[in-house]
């Protein structure tokens, strides 16, 4: 995989950006429409809330949890092949899911296969933007994240229309054809010229001086490299980021799954209930470019991006409490408008902060470890919320749960980044003091002969104070 571009921010980079935007609209935006099918799937398979919730949880877990495998494919085959492979898998899973006779079959096809394909396409689209853009990277990430907003806007409306005309099986068949367009987006990622000498064919994990190595040791080294455990162990910022965002992810996806059923449960028309998520996406289409221009145009904000990210998560968590006040459509509409603002901040900063923390040559591996942890939380959170809903029959507790995870996750990030920055400043200050002390040799440690020789040296050569 190329790491240093010959023409960063070039003309073809904008074509790649468009490809990334469309790919994120197709992949990340799709899970937000699952709530439209929630009631029909529950009725057709005669399942409870917790059982039906396993479908979006498995889909979300695979979208995130396939990260390590995706990073291996990106390293060995590049983003182009990986994205096109993801498009084929995502389409195949949705088409085969139309023949599902039970929830188990649906979990395997539309959940596992489609989710893994979406993971390959979505993560490749993020990685390739970081490689094609350097100077305008914050703006590029913000524009690419518009894909999620467009997906959130269009997928629920399309899902509602197809559900009413073709049923959920026909809708899933159409979705399979739509997801195949990820292959077209991948074809646009043509190879990039670099200034770097091609890497040797030997595996860097197997030094040429070592003739033999056990299979187990090789597997362990490969896993450690592609899961970025070395970064997690030595990079405090990455450790804080992974901990906070993984914890936050336990509550972040819940409104996307349960908002539409919540509105329908309280008498809101099916069409207008599906429109709520589309309103969130529509607002983000305009908010994200403006936020991206703000971040890209002011370099002074670069040092505070991680704190802005924590604040956005905090606001997002507090916003979910609005749903507990009332289920009236006007209240939910206001909730969606406020939620859009905080979701915009989270969306444009989540990967930009990660790019600020880790070097780009290790970004695919760091993204793989981060996403597999988020995949675990995505697998746990919706069924847990569904079980809570079955026990209480009250949607308010689901939004309380979401708010609690988001607020606590923002505190982990904000306090953690602040403490790590203070610790680093303290260590840097101590290191400078030690260097200055070691460069100045005290006169009382010199012999009389050394003192005489020191006095005979020219004045300019007797001073070695430096900041380097």
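Placed from the backbone N, Cα and C atoms, the Cβ positions cover glycine too.
Taken from Swiss-Prot, the feature topological domain 'Cytoplasmic' applies to 1-13 (among others).
Taken from Swiss-Prot, the feature transmembrane segment applies to 14-34 (among others).
Outside the topological domain 'Extracellular' (35-53) by six or more residues, the chain places 102-103, 106, 156, 159-160, 163, 167-168, 171, 256-261, 264, 274, 277, 382-383, 385-387, 389-390 with a CB less than 8 A from a CB of the stretch. According to Swiss-Prot, the feature topological domain 'Extracellular' maps to 35-53 (among others).
The feature transmembrane segment is assigned by Swiss-Prot to 54-74 (among others).
Look at Swiss-Prot and you will find 75-80 (among others) tagged as topological domain 'Cytoplasmic', backed by sequence analysis.
Among the features that Swiss-Prot reports, transmembrane segment is placed at 81-101 (among others), with the record citing sequence analysis. Below 8 angstroms of C-beta separation, residues 23, 26-27, 70, 73-74, 109-125, 128, 169-170, 172-173, 175-177, 179-187, 189 of the same chain, each at least six residues beyond the ends of the transmembrane segment (81-101), sit close to that stretch.
Within its own chain, the transmembrane segment (103-122) is flanked in space by residues 23-24, 26-28, 30, 41, 45, 47, 51-52, 54-55, 58-67, 69-70, 73, 82-83, 85-94, 96-97, 172, 179, 182, 185-186, 371, which lie at least six positions past its ends and keep a Cβ under 8 Å from the stretch. Annotation source Swiss-Prot lists transmembrane segment at 103-122 (among others), citing sequence analysis.
According to Swiss-Prot, the topological domain 'Cytoplasmic' annotation covers 123-138 (among others), on the basis of sequence analysis. If you average pLDDT over the topological domain 'Cytoplasmic' (123-138) in this model, you get 82.
Annotation source Swiss-Prot lists transmembrane segment at 139-159 (among others), citing sequence analysis.
Across the topological domain 'Extracellular' (160-171), DSSP classifies residues as 12 helix, 0 strand, 0 coil. The annotation topological domain 'Extracellular' is assigned in Swiss-Prot to 160-171 (among others) on the grounds of sequence analysis.
Among the features that Swiss-Prot reports, transmembrane segment is placed at 172-192 (among others). Here the transmembrane segment (172-192) has long-range neighbours at 2, 5-6, 12, 15-16, 18-20, 22-23, 26-27, 30, 78-84, 86-88, 90-95, 97-98, 110, 114, 117-118, 121, 124-125, 128, 131-132, 162, 166, meaning same-chain residues at least 6 beyond its ends whose C-beta is under 8 angstroms from one of its own.
As annotated by Swiss-Prot, topological domain 'Cytoplasmic' applies to 193-239 (among others), with the evidence given as sequence analysis.
Residues 31-32, 34-36, 38, 53, 56, 60, 152, 156, 232, 273-274, 276-277, 306, 310, 313, 316-317, 320, 323, 332, 339, 346, 350, 353-354, 357, 369-370, 373-374, 376-378, 380-382, 385, 389, 395, 398-399, 401-406, 408-410, 412-413, 416-417, 420 of the same chain lie 6 or more positions beyond the ends of the transmembrane segment (240-260) yet place their CB under 8 Å from a CB of it. According to Swiss-Prot, the feature transmembrane segment maps to 240-260 (among others), an assignment based on sequence analysis.
Long-range contacts of the topological domain 'Extracellular' (261-274) within the same chain, counting only residues at least 6 positions beyond its ends with a Cβ under 8 Å from a Cβ of the stretch, are 35-36, 38-39, 156-157, 159-160, 323, 327, 329, 332, 395, 398. Annotated topological domain 'Extracellular' per Swiss-Prot: 261-274 (among others), in sequence order, evidence recorded as sequence analysis.
Look at Swiss-Prot and you will find 275-295 (among others) tagged as transmembrane segment, backed by sequence analysis.
If you look up Swiss-Prot, you'll see 296-306 (among others) marked as topological domain 'Cytoplasmic', on the strength of sequence analysis.
Of the two recorded stretches, the transmembrane segment (14-34) lies close to the transmembrane segment (139-159), with three or more CB pairs under 8 Å once pairs fewer than 6 apart in sequence are set aside. Taking pairs at least six residues apart, the transmembrane segment (331-351) and the transmembrane segment (139-159) share three or more Cβ pairs below 8 Å and count as touching. The transmembrane segment (307-327) and the transmembrane segment (139-159) are not in contact, since fewer than 3 Cβ pairs between them lie under 8 Å (pairs 6 or more apart in sequence).
In summary, the transmembrane segment (54-74) lies against the transmembrane segment (369-389): three or more C-beta pairs, each 6 or more positions apart in sequence, are under 8 Å. Highlighted: of the candidate stretches 275-295, 369-389, 397-417, 275-295 has the greatest count of Cβ pairs under 8 Å to the transmembrane segment (139-159).
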